[in-house]
Each structure stands twice: as structure tokens, then as C-alpha cells.
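Structure first, commentary second.
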């Protein structure tokens, strides 16, 4: 009996121990289900994080790939623009430091020969473009006007009237070439001549204009030498005979003598100042003539050199 009781107690204890185990198993299964549901919900979040923030190595690879594609596109465009393998001219830089920069010598005659340009004017063919005489040119003008577009009758009439007026007004060619005569009085020579104002006053007629040595001209009578007049012999007149008639005649003679002396001195002063100016003007004109002769000689030398090289002038074409 005691053994049976002990066996029953042991079985009861085992059953009690088995119940907690079963309860623990069911509790573990219930706890495992929420954990699986949490992992399934966290996977999309992790994937989203990976897409937004990829690893560094993957990002570097992507940047290298994009840069490589851009370089290939730029190379393709460069090759499309220029088929040359050399870089463009504008990308080159030429250093200029005085030593590495050198100018190349080129012979001018060789350059002209390579390009087919004559080296001297004697090789030019003047017959390629000959100058047309004026007469032929005038003959061609009405022909070209007749073959051109038609013009209204009113404009044609106006043109003919103006042409007729110009033809009547225009002088002949010979008259046009001849220069108009120059008045010698209008020619002024630059002369450094400054006479004394006192001499000009003494050479001027009292109450008249100031004497101008540049413009004044003398007549032939003025320049003739004055005749020598012999003075009358002095006649002694006693004081008893010096009446009113004597003194009147004496005053008239003195006034006439003074007037003649003043006129003679005035003319002498004018001639002296005029002669001084003419001497200055003559010197200036001689200098100008010498310079003009030098210029004419230089022009003659140029013309002679031209004629010896190209032949004489053809004045018919120029006319």
C-alpha cells in the first residue's frame, strides 16, 4: 500500500510538471508570431533606406560611370567638329619670351613668284584694261541710256533742257584749261618790312591818308629828275624903297619856296621808303624763285627718270 501511494504521488507530480511545459510551449508559439510579423513590416523600411542612402562604393561607381559617359560624349562632339587629331589652334598658347619666339625670313621676289604676281611694273600687261578715250566714252553713254529702262517723257525733257543749258554755259576745253589772268596789284608778297611810324608821317600828305609803301605807285613824271632852277641874283633894295608892295611880293615868294621845298622833301621821303620796301620784296622774291627753280629741277629729274623707264607721256589720253 505504501508503495502504491508513492507511485500515485510521483505520477501526479509528473503531470503537474507536464502542464507547465505545455503552457510554456504555447506561450513561446504566441510570442514567435508577433516577432515574425515585426520582421515582415521592417523589411520595406530597410529597403527604402538602402535606396535613399546607397553604400559609398556604389555611389562612387555611379559617379564614375556618369563622368565616363560625359567624356565620351564630349570626345564624340569634338571629333564631329574637327577630323584632325591635333588640338584646335585657339587652344594653343605661343610663348613670347624673346628667345623662343623667332621670325622667319621670306624673300619677297620668291613670294611674288609663287603667287603669280609680277615683281616689277614693267611686267604688267597694260593692254588688259586700257583706258577708254573720252570721246568713245561719251559715244557709249547715249547708247547705254537708250538700251536701259524707259524713262518718262517729262523727266527726259527736263534732262535734255538741263543738258542743253550746261552745254551752253560750259566753256570749251581749251578755255577751261587756260588759267585766268592774275592782277599784279592783288598779289601780296610776305615781306618783313616795318618802317618807322615817324617816317610814314613825314611821307604822308598833311590832312590825307597815311602813306602805304606797299601799295603806293609813282607816275613817270614823279620819278623824273627835277630841273635845276638857277636862283636870281640878289638885288639890294634900300630901306627907303621897301614899301607895302615889296613886302607883299616878298611874303608870296617865301610861301611858294616853302611849298616847293615841302613837296620836294615829301616826294623824296616817299621814294626812299618805297625803295626800301621794294628792296626787301625783291630779296624775298629772289628767294622764292630760287626755291621754285630747285623744285622744278627735282620735278624734271623725276619726269626724265619716268620717261627713261616707261617711255614718253601720252598727252592725248590726258586731254
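Cβ coordinates are placed from backbone N, Cα and C, and glycine is handled just like the others.
What you are looking at is a predicted structure, and each value in this text was computed from that prediction instead of being measured.
Swiss-Prot assigns the feature region 'Disordered' to one of the listed ranges (139-186, 187-234), namely 139-186. Annotated range for region 'Leucine-zipper' in Swiss-Prot, selecting from 122-129, 130-137, 266-273, 274-281: 266-273. In Swiss-Prot, the feature region 'Disordered' is placed on 1-35, out of the ranges 1-35, 36-70.
Within the set 98-118, 245-265, the record from Swiss-Prot flags 245-265 under the feature region 'Basic motif'.
Mean pLDDT, taken over the region 'Leucine-zipper' (266-273), works out to 90 on the 0 to 100 scale.
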